[in-house]
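Below is one structure, written out as structure tokens, with a few remarks after it.
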Amino acid sequence: MSNHTHHFEFKTLKKAWKASKYFIVGLSCLYKLNLKSLVQMALSALAMITLVSLTITAIIYISTGNTKAKPMPTPTIQITQQFQNHTSLPPTEHNHNSTHSPTQGTTSPHTFAVDVTEGTRYYHLTLKTQGGKTKGPPTPHATRKPPISSQKSNPSEIQQDYSDFQILPYVPCNICEGDSACLSLCQDRSESILDKALTTTPKKTPKPMTTKKPTKTSTHHRTSLRNKLYIKTNMTTPPHGLISTAKHNKNQSTVQNPRHTLA
């Protein structure tokens, strides 16, 4: 195509050059014959023709340069994508049927199969091909589901079942008429009030703790004073036995003295 266009342009330029030659020769002949008005008209027409031809050639060259500069589009082929979790499960009948779906050649429409199992999701894309080119749709984001643990399904031994526990309604004793079961369950409002009054204990206000540890100097001073008082009392008050013996000796001396005087 490019060689054909260049050959066509060369032919047109050659014809224009020949026509301009003939036109110049004709103008020179008219100038020799003293026809100045006709010469001026012819020159103005020639100038207009040359300007038009130059603009046309410039447009042609610019268009051809742009076509050469544009790169040719290359065919793009995309590969089928498959998202699969790292922890794969053993194949089962359901998984095998869902993962291995048969394709329908080059004219098969776009299909999207999702297989959801415990903790995993499989995405399979079959792409539509047309004339050797495959175009894939935008790939969806795979959302991982946390694995279901067996501990949640089986309750632990520590947990207790409180379904058997029932709260009995209030039954007054006035309704019961000789029924032992009713009397065992009934309650008097006065008894319940008394029980509550007896069971309620007033809260004790804690006293502020203001204990001061005695210093060594104060304890020593107290003990020294006690020892001094104890020593003084022992020195001033003699024992009872000594006082009685002293009195007895004085009495005997007074009794013996008048005898000596009489003698």
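Please read every residue number as a count from 1 along the shown chain.
Each residue, glycine too, has its Cβ placed from N, Cα and C.
What Swiss-Prot annotates here:
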COMPBIAS  98-110  compositional bias 'Polar residues'
COMPBIAS  148-158  compositional bias 'Polar residues'
COMPBIAS  200-212  compositional bias 'Low complexity'
COMPBIAS  213-223  compositional bias 'Basic residues'
COMPBIAS  251-263  compositional bias 'Polar residues'
DISULFID  CYS173-CYS186  disulfide bond
DISULFID  CYS176-CYS182  disulfide bond
CARBOHYD  ASN85  N-linked glycosylation site
CARBOHYD  ASN97  N-linked glycosylation site
CARBOHYD  ASN234  N-linked glycosylation site
CARBOHYD  ASN251  N-linked glycosylation site
REGION    87-111  region 'Disordered'
REGION    127-158  region 'Disordered'
REGION    200-223  region 'Disordered'
REGION    238-263  region 'Disordered'
TOPO_DOM  67-263  topological domain 'Virion surface'
TRANSMEM  38-66  transmembrane segment
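Locations of recorded Swiss-Prot features on the structure.
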{"residue": "CYS173", "record": "disulfide bond", "Cβ within 10 Å": "13"}
{"residue": "CYS176", "record": "disulfide bond", "Cβ within 10 Å": "15"}
{"residue": "CYS182", "record": "disulfide bond", "Cβ within 10 Å": "14"}
{"residue": "CYS186", "record": "disulfide bond", "Cβ within 10 Å": "16"}
CYS182 (disulfide bond) and CYS173 (disulfide bond), Cα-Cα, nearest whole angstrom: 8
C-alpha spacing of CYS186 (disulfide bond) relative to CYS176 (disulfide bond), in angstrom: 8
